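S.K.: Mind looking over this structure? Questions follow.
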Amino acid sequence: MNGQGDLDAVGNIPKPGEAEGDEIDMINDMSGVNDQDGGRMRRTHRRTAYQTQELENFYMENPHPTEEQRYELGQRLNMGVNQVKNWFQNKRNLEKINNDHLENVTLREEHDRLLATQDQLRSAMLRSLCNICGKATNCGDTEYEVQKLMAENANLEREIDQFNSRYLSHPKQRMVSTSEQAPSSSSNPGINATPVLDFSGGTRTTEKETSIFLNLAITALRELITLGEVDCPFWMIDPIVRSKGVSKIYEKYRSSFNNVTKPPGQIVEASRAKGLVPMTCVTLVKTLMDTGKWVNVFAPIVPVASTHKVLSTGSGGTKSGSLQQIQAEFQVISPLVPKRKVTFIRYCKEIRQGLWVVVDVTPTQNPTLLPYGCSKRLPSGLIIDDLSNGYSQVTWIEQAEYNESHIHQLYQPLIGYGIGLGAKRWLATLQRHCESLSTLSSTNLTEISPGLSAKGATEIVKLAQRMTLNYYRGITSPSVDKWQKIQVENVAQNMSFMIRKNVNEPGELTGIVLSASTSVWLPVNQHTLFAFISHLSFRHEWDILTNDTTMEETIRIQKAKRHGNIISLLKIVNNGMLVLQEIWNDASGAMVVYAPVETNSIELVKRGENSDSVKFLPSGFSIVPDGVNGSYHRGNTGGGCLLTFGLQILVGINPTAALIQGTVKSVETLMAHTIVKIKSALDLQT
């Protein structure tokens, strides 16, 4: 970055007149001058790479800017209002043409294939004979098949009633706790009346019980498909007032699926997002049905998850029909939002060739008030349409029911709007991960930085990933970690302190590590705040590591360009200290995570040595829109944001020693001072 950067993006400002990768915009010359062919002469307007990138970034967030937004964008990019307007019109038209073309080709091929398959199956069914008696099976008789299915359905309903009666008459039978119950607004009334076995593995799942789980999953899948339809009546475009927006959606929703009302004190959140993902649908389905891979992809959201039982592995050598029982924790990177503990079943099904659905739903017994940190997962998941070009069109739907009283009031709008753990955050996280995989696999890593081998670049990426995960855990403290929360007297309510005692653990400093975190509201949007914190020219205004000096970038690895995902190795000019840093800024939020690293260790990593032994203590910032007055839905161009600052410090080399309270107070003072410096630099009221 070297002191020059794009203050509105991720650190690159082109020099005046620089036009590498310029995009040419052809527009009609309205002066009426004709060319040789008798048509109107066309003149070219060149846009710099910086202008194009800024327009693309804004388009990702809001493809339909208002006149005021177009004017502000034109002023910032030195473009006329009509140029900005024409660019957005052309972009939307081009995207529509491409999507229509792909859809037409796909539908035509699918139509032809289905017609041929239908003829083959109909002929085979009409000719089929019973292997035992030699008589016709009547498989081709539609009326006969319908009657047969109705009879089977009646038998299954009787078995479900017997199952419910058996459990309801034995109250000591082991069932799930209220924290593992599904939403009252599920589409199947049976979900609310069906007791479910404990997912901890204490009771064996019988074939009948598996059948009940499958019935719930199929019902949830149908509901998800309904919610994914373009003209689904249960969605509102842009709810400005949170309470009205949610109630209007779920008034219709409950009356259509069931009339069970949620218990007092619980909130239902719902969101939907749609976008392209650079991954085939088959690969994406395999990732979602593998808990380890799922956690790796969605690490900012899912710190821990486990598959307790695999009830079905699918059929025909594919994942279609797979059914699993899963427990997980969802997180928002802030000490003011408790981890969301969820228990659910996950089911995937291939609807037709190239079209898959993966749905989650929490089985439930009766609607009750949820305990601290727990939530119910209403039918949620993905509708994945393969585009046959390495991309998939994904419609993501998230629904949850939870107790709002557990969440700090600063974050209640963020969570209630479906932003903090909503569909847009899940989809953007998936897109960023897939783009980074595509970029790193296609990039010649030896050309990233002079003197850095391909193996070295891979190890630096792996090291940055471990650093970022450690930063998350130091704030949210997943249940599998060793962080212990400590109570400190006379500290601000928005601050949290935890300690961890390390003894000869690989990649960890031995001793007592203190993790401190705080979240505050700032009257500035996400984009502006991220640009300030991530820009090296302003680093000295808030970072104590660079007090009265500057930083320079020695290594730069761009993982996902569209998401501003960059890994850097920075060097403090006056003392030569090296700092590893990872940043991104997209629809899921913004992140700046950094950690000083020992010079000799990082030199070995640059040459390709294993990075697992490198020790560091990460710090950083997480930025999300505040969710007030719909600012998130307008592309983060207005409103305020929520800033979380996390810091880890080694406060003692003896892991058995007692923690000195004075040290905690010093760290609190340091964090408060950093926040004040950020406000002062941005000319905000302190």
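Note: Cβ is positioned from N, Cα and C throughout, glycine not excepted.
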S.K.: Check each of the ranges 55-82, 139-166, 615-642 against TrEMBL and return the one annotated as coiled coil.
M.R.: 139-166
S.K.: Can you check which of 1-24, 385-408, 505-528 TrEMBL lists as region 'Disordered'?
M.R.: 1-24
S.K.: List the helix, strand and coil residue totals of the domain 'Homeobox' (38-98) as derived from DSSP.
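M.R.: Here the numbers are 42 helix, 7 strand, 12 coil.
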S.K.: Taking all residues of the domain 'START' (206-439) together, what is their mean pLDDT?
M.R.: 83
